[in-house]
Amino acid sequence: MAILRLENGTTYTQLADISLELAKLNVTLNYWPIENEATRQLLKQASLTDEEKEIVLTSLDGYFEQLKQEAGYQARDLIVLHPEIANLDTLLAKFERCHTHADDEVRYIIDGEGVFGFVFADGSQGELTIQPQEYINVPAHSEHWFHLTASKRVKAVRYFTSTAGWVPEYTETVIRFPSLTAV
């Protein structure tokens, strides 16, 4: 289950409490179960071939269809990150800085875990660890960052209305959250 840690030391582990805090940012967090047993078995593998990725994506297309109808999403892909990927730290570095996007950042974590950091309207910061079967929508222009946990493993479906709006626009905000340096 998701864990929200605020800069002031407060930690939330209940979805209702987390949702109340995230509502201040218009961030949406949902639980989307993975019911297909074959998909769950594929997700146990550290890496996936392109064919296996497509099998996983197809098995989860019910969620994609919902997003297409409700919000006009047009594309999705599956990103698989693990420690054996060459230059993983270099790849992740561009997301570990505070940035925004012109479009929503929508992720469905299906294996592993990742951490989204946020800057609240009052300037305070928080980090949300999201785990398998959790879906997050970070609204366009929300100041945030992303990093992996110490396991450095995640499989996430990324949803796009267009890929053009997903280019990071870096801000000068200093991340004060201590966990980024600990990873």
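In case you wondered, yes, glycine gets a Cβ from its N, Cα and C as well.
Here Swiss-Prot flags HIS99, HIS101, GLU105, HIS144 as Fe(2+) binding site. Long-range Cβ proximity for HIS144 (Fe(2+) binding site), meaning a same-chain Cβ under 8 A and a gap of 6 or more residues, is found for CYS98, HIS99, THR100, GLU105, PHE116, GLY117, PHE118, VAL119, VAL138.
In the three-state DSSP reading, HIS144 (Fe(2+) binding site) counts as strand. Positions annotated as Ni(2+) binding site by Swiss-Prot: HIS99, HIS101, GLU105, HIS144.
Taking a C-beta cut-off of under 8 angstroms and a sequence separation of 6 or more, ASP104 (site 'May play a role in transmitting local conformational changes') has the following same-chain neighbours: ALA71, ASN137, VAL138, PRO139, ALA140, THR161. According to DSSP, ASP104 (site 'May play a role in transmitting local conformational changes') sits in a coil region rather than a helix or strand. Annotation source Swiss-Prot lists site 'May play a role in transmitting local conformational changes' at ASP104, citing sequence analysis.
Taken from Swiss-Prot, the feature site 'Important to generate the dianion' covers ARG107.
Listed in sequence order, GLY114, ILE130, TYR135, ILE136, ALA156, VAL157, ARG158, TYR159 are the same-chain residues six or more apart from ARG107 (site 'Important to generate the dianion') with CB atoms under 8 A from its CB. What surrounds the Ni(2+) site, by Cβ distance within 8 Å of the Cβ centroid and not counting HIS99, HIS101, GLU105, HIS144, is the set THR100, VAL138, SER142, GLU143, TRP145, PHE146, PRO168 from the same chain.
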